[in-house]
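Q: Let me give you the structure first, and then I'll get to my questions.
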Ligand code: 5AD
Ligand code: SF4
């Protein structure tokens, strides 16, 4: 390696390594006289899906061809660790990959994402999964090409897991799943430390991207034909509070330079070509009246809010460190609905948090009945080592949790089935996303409220917005017909 010519600045440095890898891949393809393939398995949230698009962009650039199957020359697992079963799932996949690697000795196995930020996972991988070749975490995914090159050069297990985001590099290739909609990171990390949650430990401290950088990215996307953007962050409502850390210390944002999330939204909506703006996720404690105002006034902002409640019991919410009460959450929902009566509200709920009594659980059922969510994602509490809740007294027995979970599911389904019916017979703009998987005479799209609609159409409609009458409610989705 000629160290003199390696650029030190990003993104030049990664483009340099992409080129180096490209040469090696070309040589290997010529030697084998066949293409080299890759497969990425993505677990977890929207952030990970977004990160995987970046990984795919780099893999394509290097010269690998994407395939659907794990039996590829290069497999990447972009992992999640939010619940224990996410970890178990990965070890299951690795067992399979080991048998594949016995057949294809040159196969490269790469692990990245949230699970890699846990030291005990790295120890297990080093000891029991020596066939894994490249490992990195959440803070350096932009370095994929550099790490591949290092592995190809040395043939040694290459591990680089950082404790914090030292640098973010966004100007790299990206392979988008859709040509008309895209996620855009506006912030990284989380400072909330909900007591059950591992995210602040694996994604690090909160950092907002500069407004100018975000707007430039959205403008570029709009020029490429993207009409819907989803602004991504663990807690978008605290956007703008912290931009950077220097030597472990927060760099204060001067009041006059501070950009709030609603201000950012307003600017994004001004960009020509952007027709719909979504965002995820909102923490109720930080959702301002300014945001409600902007959402209500700005037609481009989709009338859908994902507002995780987690529990309806103030006692449990306190133990979860959520920093709102049941009453405050309900008052917030009232303020939102006063301005946007038809808004779609979705949520996350955890059952069986340590110390949850039958009374606490009844409070959760009560808040669901009161809010009437369009959709609720329900989770059984999972003990994450290292979080404060893991060592709390009164862990709830499994059978009690199961029984509560079933009651919760019944109620949640009943309410979302009833809620979705309010759209029956309405004509709604629908952004067409794909040809229906089961019936090629239909296309599938979404309303701004995130309601899925299937209706007769053709592939050339993908990416366009058409008016559709929602004729027939089928539980969680609608059948419709195009108007005009
Ligand atoms: N156990 C169960 N669910 C959890 N979540 C986060 N941590 C845990 C945990 N330890 C859920 C929360 C969060 C969603 C993304 O995952 O509801 O909003
Ligand atoms: Fe986890 Fe709470 Fe941060 Fe969401 S806000 S990522 S639940 S710590």
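Even glycines carry a Cβ here, placed using N, Cα and C.
Quick paste from TrEMBL:
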| type | residues | note |
| --- | --- | --- |
| BINDING | 45, 80, 114 | [4Fe-4S] cluster 1 binding site |
| BINDING | 190, 194, 197 | [4Fe-4S] cluster 2 binding site |
| DOMAIN | 36-153 | domain 'MTTase N-terminal' |
| DOMAIN | 176-418 | domain 'Radical SAM core' |
| DOMAIN | 421-484 | domain 'TRAM' |
Q: Whose Cβ lies within 8 Å of the mean position of the Cβ atoms of 190, 194, 197, the [4Fe-4S] cluster 2 site, other than those residues?
A: 192, 193, 196, 198, 199, 200, 234
Q: Please list, in sequence order, those binding-site residues from 45, 80, 114, 190, 194, 197 with the Cβ less than 6 Å from ligand 2.
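A: Near ligand 2, sequence order: 190, 194, 197.
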Q: Mean pLDDT for the domain 'Radical SAM core' (176-418), rounded to an integer?
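A: It averages 95.
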Q: Applying the rule Cβ within 8 Å of the centroid of the Cβ atoms of 45, 80, 114, what extra residues of the same chain belong around the [4Fe-4S] cluster 1 site?
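A: Counting only non-site residues, the set is 43, 44, 47, 48, 79, 81, 82, 86, 113, 115, 199, 202.
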Q: Cα distance, residue 114 ([4Fe-4S] cluster 1 binding site) to residue 190 ([4Fe-4S] cluster 2 binding site), nearest Å?
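A: About 13 Å separate the Cα atoms of these two residues.
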Q: In angstrom units, rounded to an integer, how far apart are the Cα atoms of residue 80 ([4Fe-4S] cluster 1 binding site) and residue 194 ([4Fe-4S] cluster 2 binding site)?
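A: Computed Cα spacing between residue 80 ([4Fe-4S] cluster 1 binding site) and residue 194 ([4Fe-4S] cluster 2 binding site) is 17 Å.
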Q: Counting only residues 6+ apart in the same chain, whose Cβ is under 8 Å from the Cβ of residue 114 ([4Fe-4S] cluster 1 binding site)?
A: 44, 48, 79, 80, 81, 82, 137, 138, 198, 199, 202, 203
Q: How far is it from residue 45 ([4Fe-4S] cluster 1 binding site) to residue 194 ([4Fe-4S] cluster 2 binding site), counting Cα to Cα, in Å?
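A: Between the Cα atoms of residue 45 ([4Fe-4S] cluster 1 binding site) and residue 194 ([4Fe-4S] cluster 2 binding site), the distance comes to 17 Å.
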Q: For residue 197 ([4Fe-4S] cluster 2 binding site), which residues in the same chain are close in space, meaning a Cβ under 8 Å from its Cβ, but six or more apart along the sequence?
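A: Within the chain, residue 197 ([4Fe-4S] cluster 2 binding site) has Cβ neighbours under 8 Å at 82, 190, 384, 387.
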Q: What is the three-state DSSP composition of the domain 'TRAM' (421-484), stated as helix, strand and coil residue counts?
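A: Summed by class, the stretch gives 6 helix, 33 strand, 25 coil.
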